[in-house]
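Colleague: Sharing a structure with you now.
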Amino acid sequence: FVFFWVLNKVLRIFPAGMSTTGPQAWKWKNTGVSLTHSLITGPWSLYCFYEYPKLAEDLINTYTSSSHMLISFSVGYFIHDLVDMARCHRKRSSYELMVHHVCVILCFGLAVCSAMFVGYAVVALFVEVNSIFLHTRQLLIIRGTNKAEPKYRLNSMLNIATFVIFRITVLGWMTRWIVMHKDHLSLPVYTLGSI
């Protein structure tokens, strides 16, 4: 949480050539913080399975200190982002995202506190690979980058490719996994994971 709070303050100093006040400045800072989280946690989540392949064999009980730290780090980010949105950006789209963040904080918090479902939470962070390109696209738009520029077009293609692989496929797999393992989960855990 403190890391992302400090990063938010630092990004105030570098407003990307825009006004330092108002919704556009907030969006710049918020997206920059989100991009940083994605740049760290997307590759880290993949590394957790590379570092310890047995993590994939038991997503409920197996974990490493690295995977546990990854989930803890992400809880700090989601708490920071929730507080930041609640303070600075109360719009309908933000309320929907805040509900999402509360659900993620509860799921990841359960994994952190119980040291169970850490592997499953790490799989959930695979979506952050796609978020790298999603947030980069948002920053390019905020900066007024022409959509015909090669860097914008390349990022758009990578955004679509990683969306299919790391968002649609991963979330589909997670849904299948939770349904198939329903008997190994308590009703509250199954409900929370499903939501």
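A Cβ is built for glycine as well, from the same backbone N, Cα and C atoms used for every other residue.
Below are the features I grabbed from TrEMBL:
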type     : residues : note
SIGNAL   : 1-20     : signal peptide
DOMAIN   : 23-195   : domain 'TLC'
TRANSMEM : 60-79    : transmembrane segment
TRANSMEM : 99-127   : transmembrane segment
TRANSMEM : 160-179  : transmembrane segment
Colleague: Give residue numbers and ranges for long-range contacts of the transmembrane segment (99-127): same chain, 6 or more residues beyond its ends, CB-CB under 8 A.
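Modeller: The answer is 41-42, 44-46, 48-49, 55-56, 58-63, 67-68, 70-72, 74-75, 78-79, 81-82, 85, 166-167, 170-171, 173-174, 177-178, 189, 192-193, 195.
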Colleague: Using Cβ atoms and a strict cutoff of less than 8 Å, what residues sit near the transmembrane segment (60-79) while being 6 or more residues removed from its termini?
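Modeller: 1-4, 33, 37, 40-41, 44-45, 47-48, 51-52, 54, 101, 104-105, 108-109, 111-112, 115-122, 125, 181, 184.
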Colleague: Which value does the mean pLDDT take for the domain 'TLC' (23-195) in this predicted structure?
Modeller: 95
